[in-house]
Amino acid sequence: MVDVHFSDEVPPLRHLLRAGPQAQIAIEGLTYLSANLIRGIALTPTQGLARGARVIDTGQSLQVPIGEHLLGRAFNVFGDPIDGLGPLKGMKRSLHGQAVPLHQRTTGTDILVTGIKAIDLLAPLERGSKAGLFGGAGVGKTVLITEMIHNIVSRYDGVSIFCGIGERSREGEELYREMKAAGVLNNTVMVFGQMNEPPGSRFRVGHAALTMAEYFRDQAHRDVLLMIDNVFRFIQAGSEVSGLMGQLPSRVGYQPTLATELAELEERICSTAHGAITSVQAVYIPADDLTDPAAVHTFSHLSASIVLSRKRTSEGLYPAVDPLQSGSKMLTPSVVGQRHYQVAQAVRKTLAEYEDLKDIIAMLGLEELAQNERQTVYRARRLERFLTQPFFTTEQFSGIPGKMVSLDQTLTGCEAILDDKCSGLSEQALYMIGAVDEAELEHQEREAQEVEEIGQ
């Protein structure tokens with residue numbers, strides 16, 4: 001936090017101020033302390049700043065570049081390239097944009113297929129809406145969002161923008177290399193506010209990425225896929241800024257303006273007649289508490305919520321999507337169709353009944369259940385394993401080739417399990433596969449091999 005005294009004209013709030021020997025220290029004015037005193041947040045490290053140092057008003061707010069020439073490049077919050085490929089020239093725009101007026105917004109019912117069974121079945125994503133990946137530390141949020149980037153971007157016609165807020169620099173560098181190797185970097189823009197940067201930088205980098213996304217939607221008339229990792233770090237940076245500003249904290253130590261700051265970011269993500277911005281956001285859940293204010297306020301902005309479970313992670317069920325807590329407003333017969341809706345409801349009902357029976361099984365054993373209850377358990381355990389899936393992004397670690405599964409294959413597999421057509425297959429045969437045909441084919445090959453061995 002920096003207090004600046006102006007002897008003459010005081011600049012408007014949100015103007016970018018410069019200080020330091022080479023004007024390398026960037027400050028954004030946030031509030032007036034008196035007629036001539038303004039308090040701002042440093043967007044760069046303040047090393048070299050001294051009391052009495054000269055401060056220059058740049059005469060404008062923080063701006064980032066816009067245009068087609070951004071594709072294939074990586075930037076920081078100032079729009080400066082950080083990929084070592086040289087500087088950029090061209091138009092710039094203030095990152096403090098306004099949300100699209102209500103009468104200019106459009107809504108649709110187009111589904112964005114991810115190729116991930118658990119998501120496409122239970123929490124389908126809507127084109128031009130927002131979806132959240134909720135989970136505590138180490139449950140696979142970044143892996144899942146990286147897999148979604150891999151699956152969607154490779155067959156996506158629009159522009160993809162990845163915004164890293166307060167996450168590890170190593171993960172950003174790995175993602176950059178992976179996208180370059182996959183040949184999708186030329187249609188992608190990456191913007192980073194790394195965890196070692198000041199809170200002001202992390203607090204504004206989301207707006208920088210959105211400003212670039214709005215250009216592609218409104219001027220280039222293209223659809224945009226905006227990936228944000230992690231929204232909680234944006235809220236956390238706002239909390240740090242609020243504390244430095246001297247504001248009294250609200251519940252659980254968050255800033256009193258949490259809802260307003262989050263809405264300023266989220267409400268800019270929408271569809272218009274020119275194009276759509278579809279956003280997938282990772283949201284860290286402190287202490288796995290879904291009632292945390294950061295999670296609660298984020299939930300209210302989303303059309304699909306994908307909750308990752310630590311319990312499923314401990315059981316080795318990846319992706320660790322909780323089928324009972326995850327959901328989407330798109331999962332209605334009028335949008336996804338009667339077949340998809342009925343299969344999803346049947347899967348949820350079976351898994352919910354199994355969850356209720358777990359305590360009885362733990363105390364009395366599976367043998368004490370009625371025949372129909374045992375059948376429910378067998379189906380649920382097979383469904384749990386069928387909804388696991390090997391990822392392309394973890395192929396180098398697991399040694400299992402990644403699989404992209406169509407929605408029809410997912411529905412067919414779930415129907416087969418619910419109708420007991422897979423009762424001849426072991427639970428393990430359905431674990432970490434793509435379509436159910438793979439398990440059936442492997443089962444047939446094993447039977448043929450056993451017959452051949454007996455014949456010999």
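Keep in mind that glycine also has a Cβ here, set from the backbone N, Cα and C atoms.
What Swiss-Prot annotates here:
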type    : residues                                                       : note
BINDING : Gly135, Gly136, Ala137, Gly138, Val139, Gly140, Lys141, Thr142 : ATP binding site
Completion exercise
When each of the binding-site residues Gly135, Gly140 is scored by other CB atoms within 10 A, the minimum falls on Gly140
Practice task
Mind telling me which of the binding-site residues Gly136, Gly138 has the densest Cβ neighbourhood, counting other Cβ atoms within 10 Å?
Solution key: Gly136
Practice task
Sort out the sequence-distant neighbours of Val139 (ATP binding site) for me: same chain, 6+ apart, CB within less than 8 Å of its CB, listed by position.
Solution key: Leu308, Ser309, Arg310, Thr313, Ala320
Completion exercise
Filtered by Cβ under 8 Å and at least 6 apart in sequence, the residues in the chain of Ala137 (ATP binding site) near it are Tyr284
Handout entry: Largest tally of Cβ atoms lying within 10 Å of a Cβ, found at which of the binding-site residues Lys141, Thr142
Key = Lys141
Practice task
Reduce the DSSP letter at Gly135 (ATP binding site) to three states and note it down.
Solution key: strand
Handout entry: Check: same-chain CB within 8 A of ATP site center, minus Gly135, Gly136, Ala137, Gly138, Val139, Gly140, Lys141, Thr142
Key = Tyr284, Leu308, Thr313
